[in-house]
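Enquirer: For GLY11, GLY12, SER13, GLY14, SER15, GLY16, LYS17, THR18, the entry in Swiss-Prot reads ATP binding site.
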Amino acid sequence: MGNPVLIGVAGGSGSGKTTVAKELYRQFQNDSVTMIEQDSYYKDQSHLSPEERALTNYDHPFAFDNDLLLAHLQELMQGKAIQKPIYDFKVHNRKPEQIQVDPKDVIILEGMLILEDERIRNLMDIKVYVDTDADVRIARRIVRDIEERGRSLDSVVTQYLNVVRPMHLQFIEPTKRYADVIIPEGGYNRVALDLLSTKIGNILLEKQQFTNQS
């Protein structure tokens, strides 16, 4: 295996970045591809009570263990397998078990704040920002948090107004300037997805040719 292609897919909560990342994953399944979610790298909170964990600001950069994420990305790019954490959103903490991720030719990194950390950003071959209207994002977040994370409507709306929206404006939206590609309307933008897939394929081919010549 040559040097992997690392694609970063960022964007606000509910922007459709996960849909974009999964679509790219689907398109490259014939090649060697893996996906890493930044959400898996929320910090371990075993030392906190359940009440204290619930008060954590999960939309702030400090909520993530970027040192571990960086180390794991570097290991994957060096051809080494990693043990990826598994995060349980219902108890706001990591699960005891981990999942092994093997090195692949294409690595898709997905998360709202992956472009905020310069160390991680500099590893990427292509930086993508999924840009979606705030009204659409909050509607998607409400559905997701209620159906997938066991939250109440009141708690989701309160968190959005007090935490999610301010953090988006302060930390997530500004990272758009680092993006090589900005995709409006997320996974529904077929033209952007097709162009991005073609570009990734070209980079992968170039890296494979370089490796063969070395």
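Note: Cβ is positioned from N, Cα and C throughout, glycine not excepted.
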Enquirer: Which one of these binding-site residues, GLY12, GLY16, has the sparsest Cβ neighbourhood, judged by other Cβ atoms within 10 angstroms?
Expert: GLY16
Enquirer: Write out, in the order they occur in the sequence, the residues of the chain not among GLY11, GLY12, SER13, GLY14, SER15, GLY16, LYS17, THR18 that have a C-beta within 8 Å of the mean position of the C-beta atoms of the recorded ATP site.
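Expert: Other same-chain residues with Cβ inside the cutoff are MET112, VAL130, THR132, ARG137, ARG140, GLY186.
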Enquirer: Could you check the binding-site residues SER13, SER15, THR18 and say which one's CB has the most other CB atoms within 10 Å?
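Expert: For the binding-site residues SER13, SER15, THR18, the Cβ with the most other Cβ atoms within 10 Å is SER15.
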Enquirer: Once the DSSP letters are reduced so that anything not helix or strand counts as coil, what is LYS17 (ATP binding site)?
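Expert: Its secondary structure by DSSP: helix.
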